[in-house]
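S.K.: Annotations per TrEMBL:
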type	residues	note
DOMAIN	79-239	domain 'Sulfotransferase'
BINDING	Arg94, Ser102, Lys219, Gly220, Arg221, Thr222, His223	3'-phosphoadenylyl sulfate binding site
DISULFID	Cys202-Cys214	disulfide bond
Amino acid sequence: MRSELESGPTSTNTYVRRAVLELQCYTWAKLPFSTCGLNGKKCFLVTFPAVDLMPRTLEGQITMEKTPSYFVTKEAPARISSMSKGTKLIVVVRDPVTRAISDYTQTLSKKPDIPTFESLTFKNRTTGLIDTSWSAIQIGIYAKHLENWLLYFPIGQILFVSGERLISDPAGELGRVQDFLGLKRIITDKHFYFNKTKGFPCLKKAEGSSKPHCLGKTKGRTHPDIDQEVVQRLRDFYRPFNMKFYQMTGQDFGWD
Ligand SMILES: Nc1ncnc2c1ncn2[C@@H]1O[C@H](COP(=O)(O)OS(=O)(=O)O)[C@@H](OP(=O)(O)O)[C@H]1O
């Protein structure tokens, strides 16, 4: 079985699915590698007994699975590697400060009573000590998570997609994804238009339809205003980790 795993915005998955339109594409958007206690293929099959019933991935087909939390799940690399060492991994990353605020905004939309972003950020506001145990902060330490993956996968088997460029140059970024997956470049500039109201690119035509397709209502939520001193403190906190991440991936994401 040849499989690809993707961690990051759901819509990237949608775009990739369009890129593999001519191929058969299965998507299992569940958590087989992060939630069950067993290893590798066994773990996958326990969570997905139906996998046995599915046709095998044949030449010319791609099997995809998409779960954002894999990238930060300690057990995921070993489990995935033990199921299929050749799995290609795609991770969408964005500025960790914006990511933290976005994460907080999403939680706030579900639980309006949570404390402020500023109070959750610090262990001690006076000393400026950041609370790295808060998941919104912890997830953005990409270099640390990547170290864990590199114990099981070579760096060339992981593609890092820039969340920022996915907005400013979707076709360019999707071009990299198509190349990485060994696909013909089907998705190009002509498939997108920029929707100013949404602030995101949209597909001119949705899959199997003649109508445009934009991101859903829950994407691109307005972020709350955060105290600029706190934002600066977070920028300082992430800088060394970002630099290490650029070094490890050989890509400058331009987050400073
Ligand atoms: N295509 C594309 N390009 C750039 N950015 C994108 C894209 N799709 C989703 N997003 C942004 O990613 C944030 C989380 O999105 P998702 O809800 O899809 O992620 S998740 O799969 O639920 O984790 C969310 O961030 P916020 O805008 O801060 O809420 C999305 O807007």
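Keep in mind that glycine also has a Cβ here, set from the backbone N, Cα and C atoms.
Just tell me what is around each of these and how deep it sits.
M.R.: If you average pLDDT over the domain 'Sulfotransferase' (79-239) in this model, you get 94.
Secondary structure at Gly220 (3'-phosphoadenylyl sulfate binding site), taken from DSSP and collapsed to helix, strand or coil, is coil. Residues near Gly220 (3'-phosphoadenylyl sulfate binding site) in space but far in sequence (CB under 8 A, at least 6 apart, same chain), listed by position: Lys198, Gly199, Phe200.
Within the same chain, residues at least six positions away from Cys214 (disulfide bond) with a Cβ under 8 Å of its Cβ are Asn195, Lys198, Phe200, Cys202, Leu203.
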S.K.: Under a three-state reduction of DSSP output, how is Ser102 (3'-phosphoadenylyl sulfate binding site) classified: helix, strand, or coil?
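M.R.: Going by the DSSP assignment, Ser102 (3'-phosphoadenylyl sulfate binding site) falls within a helical segment, counted as helix.
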